[in-house]
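According to TrEMBL, the protein carries these features:
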SIGNAL    1-23  signal peptide
ACT_SITE  His412  active site
ACT_SITE  Asp464  active site
ACT_SITE  Glu473  active site
REGION    514-535  region 'Disordered'
COMPBIAS  515-529  compositional bias 'Pro residues'
DOMAIN    533-613  domain 'Carbohydrate binding'
Amino acid sequence: MGSRTTISILVVLLLGLVQLANSGHDYKQALSKSILFFEAQRSGHLPPNQRVSWRSHSGLYDGKSSGVDLVGGYYDAGDNVKFGLPMAFTVTTMCWSIIEYGGQLESNGELGHAIDAVKWGTDYFIKAHPEPNVLYGEVGDGKSDHYCWQRPEEMTTDRRAYKIDRNNPGSDLAGETAAAMAAASIVFHRSDPSYSAELLRHAHQLFEFADKYRGKYDSSITVAQKYYRSVSGYNDELLWAAAWLYQATNDKYYLDYLGKNGDSMGGTGWSMTEFGWDVKYAGVQTLVAKVLMQGKGGEHTAVFERYQQKAEQFMCSLLGKSTKNIKKTPGGLIFRQSWNNMQFVTSASFLATVYSDYLSSSKRDLRCSQGNISPSQLLDFSKSQVDYILGDNPRATSYMVGYGENYPRQVHHRGSSIVSFNVDQKFVTCRGGYATWFSRKGSDPNVLTGALVGGPDAYDNFADQRDNYEQTEPATYNNAPLLGVLARLISGSTGFDQLLPGVSPTPSPVIIKPAPVPQRKPTKPPASSPSPITISQKMTNSWKNEGKVYYRYSTRLTNRSTKTLKNLNISITKLYGPIWGVTKTGNSFSFPSWMQSLPSGKSMEFVYIHSASPADVLVSNYSLE
């Protein structure tokens, strides 16, 4: 018996033992943790409801030297740089997860958290797009950042901001950001229509900018080349942005763009074996296939069928049923490259998941050159990848930090590997961080809960070492597509009609935003609220006076914590009339004069009258004692 055969038998036996030991995974717990990870990656002023308590404010002067406010956004991975291209892809795929599986996220109490994660990104993109043909695509640079090992709260590295404009274009960066804004406009369509409209306005401008002034962004922002080089060019992002703008607007202009440019821009020509922050073709092909299955192809049906053929070749390659199949490790994990391979695992699994539901909705199988595949088989494949990630693998290792017992303890991540700034504010120097913290052999002082690390090599081997950045560094775009897969798997084999046109569910976060029509029902908080303080609004009366309709709104604020609420500050904007039941202090509102606090479980109510949709009400500050 050859050594290769012996190894194969041992792998099979070991997998069998692992599967016996892991009869099932807690997808709900994994979902909660995977969303929590985004809070650890936040840059800027952290909100009062920040759940990752070992992080603090950071990057508070980003953009100042360029005369623009670039505070906020996400650090992409284990460093302290804000890279625009992967950040935008992260937001787009998070939105896609919410659009497809928002109901499942809501029923598991995570929709509010997921939408908060999206908004943290889109708020930053609005700042980064101060003019129609200007987009800031990076803050900081990898060279100076990687020279230091410091917490983001006290980094001393260069925070220069880099932009694209009409003279220094970046169609891939602008196109991906347009896609993110368009997808996010769908997410906020019901819960915050005014914000949704603002996002869509930016999406239109960014797409026009990307299409009119063409060029690769890394030719303009050259400092990004070593870290996020746009190898695929920008045609895939232009198609990707058009696909999302069509989803958001149903505007035939974008449908025509996809139809007329599919052949020349590669949408119908490229057979892909990957989907990620650089190469978007498989995602475009999947979205266009959905349009076709919805019967919206019209005059472009023949072209869209070619998109769909490429989408289905991608799906077939995942299951080894194509002429060119995606490689896998002996343990069954998709394998594309040594550095951060996990990004391709989660993104491919997401595409397979949604396509499985598209097929199920259209009541047909996937036709492959090596045999047909049922929708359930495609979903089972996605499940196998997630189960591998969570521990069903030859090493019995969970590659999600904080899930299970055997997970990475030495993550390549500056913030988690150095004692929390909230615990010890002793300054960590640029190079001193390497000597004191990076070289430590012990576990990270801060658990980076939910982070999905780069993962094993082509033979399922993994070394849990901080300097092994190829395998132990996490990234936001590893987690983003995983949200949708986990939300779907929680529902088991239940089928969904994903082809019906729909809008993501309205969440129940603390912020209550205007509805298209003022007659709205009270909004109730989700089972797992992102804040202990909840707000609901309802219209209680309306009348007409001198041709104008006035509405009376009742707003209820409830203390759902176990402690007494004090020092309350409420921010109210878009208020155009009188208000009763609160005291105005400066630019905010507080308890009425007859109240100093709000006991646990109790509510207070205030009312206002104006001739508009509900005002924007949010809790800006409070204490629990």
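Keep in mind that glycine also has a Cβ here, set from the backbone N, Cα and C atoms.
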Cα-Cα distance linking His412 (active site) and Asp464 (active site), given in Å to the nearest integer: 9
Summary of DSSP states over the domain 'Carbohydrate binding' (533-613), given as helix, strand and coil counts: 0 helix, 51 strand, 30 coil
Residue with minimal Cβ packing [other Cβ atoms within 10 Å] among the active-site residues His412, Asp464: Asp464
Per-region confidence, the domain 'Carbohydrate binding' (533-613) (mean pLDDT, whole number): 83
Around the Cβ of Glu473 (active site), the count of other Cβ atoms that are within 10 Å: 23
